[in-house]
Amino acid sequence: MAVDHAAAEVDHLAAERAAARFDVEAMKIAWAGSRHAVDVADRMARLVASDPVFRKDNRTMLSRKDLFKDTLRKAAHAWKRIVELRLTEEEASLLRQYVDQPGYVDLHWGMFVPAIKGQGTEEQQKKWLPLAYKFQIIGCYAQTELGHGSNVQGLETTATFDPMTDEFVIHSPTLTSSKWWPGGLGKASTHAVVYARLITEGKDYGIHGFIVQLRSLEDHSPLPGVTLGDIGGKFGSGAYNSMDNGVLRFDHVRIPRDQMLMRLSQVTREGKYVQSDVPKQLLYGTMVYVRQSIVADASKALSRAVCIAVRYSAIRKQFGSQDGGPETQVLNYRTQQSRLFPLLASAYAFRFVGDWLNWLYTDVTQKLEVKDYSTLQEAHACTAGLKAVTTSATADAIEECRKLCGGHGYLNSSGLPELFAVYVPACTYEGDNVVLLLQVARILMKTVSQLTSGKQPVGTMAYMGKVQHLMQSKCAVKTEAFEARALRMAVNCAQNIGQASNQEEGFYERSPDLLEAAVAHIQLIIVTKFIEKVHQDIPGHGVKEQLQNLCNVYALYTLHKHLGDFLATGSLTPKQGALANEQLGKLYAQVRPNAVALVDAFNYTDHYLGSVLGRYDGNVYPALYEEAWKDPLNETVVPEGYHEYLRPLLKQQLKLSRL
């Protein structure tokens, strides 16, 4: 009976796909961006899935040491395959993505190399980048300290110039100045871009970057004056425990003067500090690159979780049977749809705003090459805010997907606990989300203060130029309602800050309201970019219609979730709010027949998805049963410890100690 039941569920999942009302292959292209992108991703995903070295089904059962060694093995094998197959940069990046195991290569390519490209001179790039590109050195990014993270200006590590030897002396003066958390630092990296307080001629010039060798290139032992190691296990099984997050202390370590990253400023042979004519905002270029990558990663993680939850919700049946008839698919319950479909819509929304952010980064980079820095602040605000909003939403959504899968979602074999554990650090690294949103809020307040001067806002803040209209009118158009809400919340904050005794005190007192205003602004950007995507020429039967439905779901769910803001600011009337909620329910009914096909469009292999519940073939129950027997506890029928602890207890033979 059990086998027949499982087979019926598999057939049912096939029926779900057959009922889809759109061209799934065309939706894959809409998701990936092009036919080329689909083909390359498909090829790299299958290359990884077919290679036994990249197996990961046993990852959560490995000890920390075995897990780290497994990570080293996979990274080395990935590099071997990249070289053997002569993969392009695009292909190599995708291969590393589908290996799907955090490791030192993430920071090497994602932080170390971009830091040198963004902050190093041409000479420094010519020296260091070829070594990094060939993995002749392994780099990490040593900024965060034990005592300071988000407050970069508070870092304590010092780099003091010694004109007698033409060297910088890197030193950790306190325990809290220990570098703490850099990925790849603990065991793998040979070099680091270290951020320290530059001191020359007795003056502190603030935080600057330095390339510092940490380990011998002969035997990998720490160099004199360098103390470093791993900071220990982290949340979850497997997950981010494959990464060697490290601790690092310096005891008067000397480096040549030319290992200071000198694109923005330099120290002369005589010890004079010289500021470059390149503005400090150029640092935003590196931050924009890293944060736009994080936004792209949010859509990947969220779409994986949603894919698992949707497929399993179509397989799982509970209640609803009458007279011995079949039970109801969980996906048919409106309560399940109201929790799951907004997350499905969010996955698409984050994907498309991530694509736009990638375009923005490319645009900023091209302008930087001709010394045009006009869009840097705009890019900084967008990437900071979108990083904060998408990572927080994704972390919450992965956990919600786990709950949507019921008890089975708690199993490691579901893939969801590990996915959550490996993803949730994104809410903190590269900028704590609250701190980032407050940075966005400062830019909003600056923009509001300039509205009366006649200076027209540009880019994603251009809507603020319609201040007279948006402050007075009732909104009938969806986008306009989001514009009015964002503007009115920002103006309200600015007015309240203006009543304070001083601006900084007012900003501090109104910081909770400022956070909400920043979120409103960023959500407007996401909705706007989703609408722009829908308005593009999208080929494929039914694809545009489905994207329109998902866009409406995302917008109306966001409106529903923040209805208090829309009502409090007068951007919507209570009647409009009620109509929006009613329309949302109708949209769920339109999404329902297409839900499984919409997650199929993510085009994830079972290997990458890493979930028994989210299997493409729907063969969930036999797979769950099979996975259970793979656990090390089941290697013996009688458990270790039985004779020492269980048998004496059962036989009442425990020896009682005398007090």
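Just so it is clear, glycine is given a Cβ too, placed from its N, Cα and C backbone atoms.
Curation plays no part in TrEMBL annotations; they are all automatic predictions.
Owing to the predicted nature of the structure, the values given are computational and were not obtained by experimental measurement.
Annotation comment: TrEMBL describes Glu430 as active site, proton acceptor. Taken from TrEMBL, the feature FAD binding site applies to Thr144, Gly183. Residues or ranges marked as domain 'Acyl-coenzyme A oxidase N-terminal' by TrEMBL: 23-138. Positions annotated as domain 'Acyl-CoA oxidase C-alpha1' by TrEMBL: 284-445. If you look up TrEMBL, you'll see 479-651 marked as domain 'Acyl-CoA oxidase C-terminal'.
As a summary of secondary structure, the domain 'Acyl-coenzyme A oxidase N-terminal' (23-138) carries 90 helix, 0 strand, 26 coil according to DSSP. Calculated from their C-alpha atoms, the gap between Gly183 (FAD binding site) and Glu430 (active site, proton acceptor) amounts to 12 Å. Sequence-distant neighbours of the residue listed as 'active site, proton acceptor': residues of the same chain at least 6 apart with a C-beta under 8 Å from its C-beta are Met287, Val290, Arg291, Ile294, Lys387.
Residues belonging to the domain 'Acyl-CoA oxidase C-terminal' (479-651) score a mean pLDDT of 95 in the model. Residues within less than 8 Å, Cβ to Cβ, of Thr144 (FAD binding site) and separated from it by at least 6 positions along the same chain comprise Lys179, Trp180, Trp181, Pro182. All protein chains shown were included, and the count of other CB atoms within 10 Å of the CB of Gly183 (FAD binding site) stands at 25.
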